[in-house]
Amino acid sequence: MTSDLSRLAPIALTMGEPAGIGPELAPAAFEALRGEVPFFLIGDPNHLPAGCKFTEISTPAEAHTPQDLPVLRHDFGPDRTPGTPSGAHAQHVVDVIARAVRLVQEGEAAAICTNPIHKKALKDGAGFRFPGHTEFLADLAGGVEVVMMLACEELRVVPATIHIPLGEVPSTLSRDRLTQVIRTTHDALIRDFGLATPRIAVAGLNPHAGEGGAMGVEEITMISPLLDELRREGLDLSGPCSADTMFHSAARAGYDAAICMYHDQALIPIKTIDFAGGVNVTLGLPFVRTSPDHGTAFDIAGQGKADPSSLIAALRMGWSMANARKTGLRNTNHKDGTR
């Protein structure tokens, strides 16, 4: 999907945990995306790598034409030590996320892209009460229900359950939850990815999708009846699919997103297909939010080893999604600006 850069506000990129790799990824992403995706960094320029060229801006609109990385200053205080988070920075990290949300809600940013945070550092240093970015953003947006998507060039996956023990998946996987995940994914594929008639494949919970009840009954008692009900409403759904055969290239050509029943069922295939270029997308928010699919990487922070591929992909995808929301254009050939 192409667009006139002047039609949209730029993307707001948060600095994330300053002791992590976020501060060094931002300038690398700027060089890679110069003239393609306008964005600005919200954070403390004193925490950027030595020698990094940046332009301090006073408004997001100035981020459209900078020669160097545009930075909307948000002072973090004490110098950072790469690899070692400081409680002194924690509240500033949280405040930057909230500031990015305000900017996108006010129309000064087209989307937000979030660099990695360190949850324990935020909890210890700022009393952060959320499991992560996603829940905090949902709260800032008014307590909306959200869904996590992982996406790359070849695949989009949505886990219906996320960070819970495998033994708790069957009891957690309710009809209401699965309905919400499917509906939210369907709506996002239209609104954010520009697909007029999205096709969704739904995995089974059990091996071979239960094999007619021989290996579990959730497909019979819940998943299949729910899919039938949603098909009658007009949703294009396939499944329950056997998860061991739904991710090869020929199968992937038949759907636009895969709903999976648990964390590893979704993340193993996408990280196998594109480990470095995956993007975390929060569906269901009233604004576009993407992030790189990795953490703070304290073990390599400040060493010049960090790979910006996932952040670059996240910014590109956020820009494409913001364009889709802005223009309302829809494709009928199951291709969009992120594939």
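Note that Cβ sites are derived from N, Cα and C of the backbone, with glycine treated the same way.
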Where TrEMBL shows His208, His263 binding divalent metal cation, which of His163, His186, His294 is named for the same site?
His163
Binding-site residues compared (His133, His163, His263, Lys271, Arg289) - the one with the fewest other Cβ atoms within 10 Å:
His163
Can you count the other CB atoms that lie within 10 A of the CB of His208 (divalent metal cation binding site)?
17
Reduced to three states, what secondary structure does DSSP give His263 (divalent metal cation binding site)?
helix
Sort the binding-site residues Thr134, Lys271, Asn280, Arg289 by C-alpha distance from His208 (divalent metal cation binding site) and give me just the closest.
Lys271
